[in-house]
Amino acid sequence: MMHEDTHPLTADNATAPCGLVLVAAGRGSRFGHERPKQYHLLDDEPVILHTIRRFHAHPLISHIVPVIAEDDAYWSTFQAAFDGLPKLLPPVHGGAERQDSVRHGVEALAAHHLPWVAIHDAARPLIRQTLLDRLLAARERAEGILAALPAHDTVKQVDESGFIARTLDRSTLWLAQTPQLFPTQMILDLHQQAKQEGFCGTDDASIFEWAGKRVLPIEGDPHLLKITQPEDIETVRALLKREQG
């Protein structure tokens, strides 16, 4: 599938305002707790609040749209803290799949006519301002941008029987993270087209790839861990404590 629209690549892109879609609609079945991982407490505050505050502090992030589950029972618990964040817009409800949730978030953000959108998992709270700076600056070089880590371990591919089929060239492999950045209208159009054509990607960059577009990896941060398992909370807590000195 090819998509012909383009977004001009100019130096002005690097300083253009950017909205954020914060994906927080997941159930966290692997996390093994009744409370979803994005609402687990770190220093007496929910993970999602740590994430929001870090984006809120960046001068180029102008609007933040959280996407939460339709039956979310926790967001309102922290409403007083959220009310003190003027860039934070009212939450929208997610869908059956992550891709549906992102589409709902981008649709809500598009009403504010922002040229760019960053899409980020709420369960990755340790986003640093320096990484955000580098991702936003890369907008003068590419239409699609993502944080990613170069693969350092040897990566094996297995066959249908479960045996190793081959060893992949790790020099060409990157491990995708978020944030992922795109021109707002372009990624919205692609999400809507993917829904119509039944394509389901594992992340937003894969939708860009499906459309025949190029995505630029920017080296991310090993500390930008996605909380998936219960033990990840303790790892993030230790990293946060180290950051705070």
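Note: Cβ is positioned from N, Cα and C throughout, glycine not excepted.
Just so you know, TrEMBL annotations are computer predictions that nobody has curated.
The site 'Transition state stabilizer' annotation in TrEMBL covers Arg30, Lys37. Per TrEMBL, site 'Positions MEP for the nucleophilic attack' is recorded for Arg170, Lys226.
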Distance from Lys226 (site 'Positions MEP for the nucleophilic attack') back to Arg170 (site 'Positions MEP for the nucleophilic attack'), taken between C-alpha atoms, in Å: 22
Residues satisfying Cβ distance under 8 Å from Lys226 (site 'Positions MEP for the nucleophilic attack'), sequence separation of at least 6: Asp121, Ala123, Arg124, Gln177, Asp232
Local Cβ density at Lys37 (site 'Transition state stabilizer') - other Cβ atoms counted within 10 Å: 26
Around the Cβ of Arg170 (site 'Positions MEP for the nucleophilic attack'), the count of other Cβ atoms that are within 10 Å: 13
